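Trainee: Here's a structure for you.
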């Protein structure tokens, strides 16, 4: 009997140590993400909002910035969640009994998925609304001014918003599923309300990814072209440098002689334009000093890699569409038991897992590029050391919605066979064949359409510029005709 009690105690002690180890690892990972996100946000925040004469406003902005940092860290954790799980499974499959990776197990992976789901709900439903109302609050009329008065007003506004959202969810659920069991389940806040609300938010995020990702895949070519040095056939840096120098000289002359022009001049705007031209000229000088390898090899290789990754993404989605018609197992589903290290989730083994991870990151970057390139969200784009606090809050909310929908997005498109863990697999719409099939078909169609239109237009425009056809007085399809006034200038 004593031996049995000893074995039970040893098992409990082992489980306790495993839980402590998982908590330490999760905390270290989150602290690392938090520090990285804090450094990133301090590069974009507006310094004037944190060094104002009013210490109360500065304190409120600092608290809101910390909440935004927490939210952005959760968003980054959601992006890394699926790649970390895929790589962890391949590591356990390749080194099953290695002593140095005993900390990596299914329990840790499952715990990370649950933590990301919990913190995503907390950030979207409580922290970000609190941060926004906190920055906009001034305290109730007649109350003593201070941070505490703002906290009281923010809590009241948040409670009213919570009641409004819960009521809307109750009405929506009653309309969709009008039965007694459904209405009674609404009284369970933690087990039904939050998953139901997060399922709706995740569905909106997946739809947003459906729109932004094809647009971003098409924009990636032009964005990469601006960052890299193009070959001399496609870019004339000498002409750009001369134009920049002439424009800077003209603006400097107008600043030095403001009385020579009979129109009123905005000196501050002119100074900003001069600084922008100087920065552009410095960048052009660096691009001109690039080596021949960077100029003639870097740009074509980057374009080729983007084309291969985009084509591979569309090909995988097309194959997944055929699998949906043939095999029911291709449907996305949840997995409650994270049994890792038993079988590879790619038919190509570790190489296929690496390709899956690269594609997931590539599509996430493309979705962010497409999000900030869309006309609806272009004004939300953060600016270096010139982003208001409310704009930072909006960016954090949008990035969290996109990143938290990334695992569902990747599994729905068939980019990976890794099933969704925890509450991520409890979304009801994942089991609807028509929604999943139409989503895959829409993604493949929109991506192909955007690529064909953008790629052919970009190649045609670059060739026209390279051969100087844009300067001829000939009407070229898809290219604006140069006026005589511009030619004389």
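Cβ from N, Cα, C; glycine included.
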Trainee: Would you mind telling me which of 261-284, 429-452 TrEMBL tags as transmembrane segment?
Mentor: 429-452
Trainee: Among 297-322, 323-348, find the range that TrEMBL records as transmembrane segment.
Mentor: 297-322
Trainee: If you check TrEMBL, which stretch out of 155-176, 221-242 is marked transmembrane segment?
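Mentor: Feature transmembrane segment in TrEMBL: residues 155-176.
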Trainee: If contact means at least 3 Cβ pairs within less than 8 Å, sequence distance 6 or more, would you call the transmembrane segment (24-42) and the transmembrane segment (429-452) in contact?
Mentor: no
Trainee: Do we see three or more Cβ pairs under 8 Å linking the transmembrane segment (429-452) and the transmembrane segment (108-134), pairs being at least 6 apart in sequence?
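Mentor: No; fewer than 3 Cβ pairs under 8 Å.
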Trainee: What residues in the same chain, six or more past the boundaries of the transmembrane segment (63-88), come closer than 8 Å to it by Cβ-Cβ distance?
Mentor: 29-30, 33-34, 36-38, 40-41, 45, 50, 104, 109, 112-113, 115-116, 119-120, 123, 127-128, 130-132, 134-135, 338, 340, 345, 353, 356-357, 360-361, 364, 389, 392-393, 396-397, 399-400, 402-404, 406-407, 410, 416, 418, 421
Trainee: If we skip the immediate neighbours and take only residues 6+ beyond the ends of the transmembrane segment (108-134), which ones have a Cβ under 8 Å from one of its Cβ atoms?
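Mentor: Tertiary neighbours of the transmembrane segment (108-134) are 22, 25-26, 29, 60, 63-64, 67-68, 70-71, 74, 77-78, 81, 84-85, 88, 150-151, 153-154, 157-158, 161-162, 165, 194, 197-198, 201, 337-338, 340, 390, 393, 396-397, 400-401, 404, 421-424.
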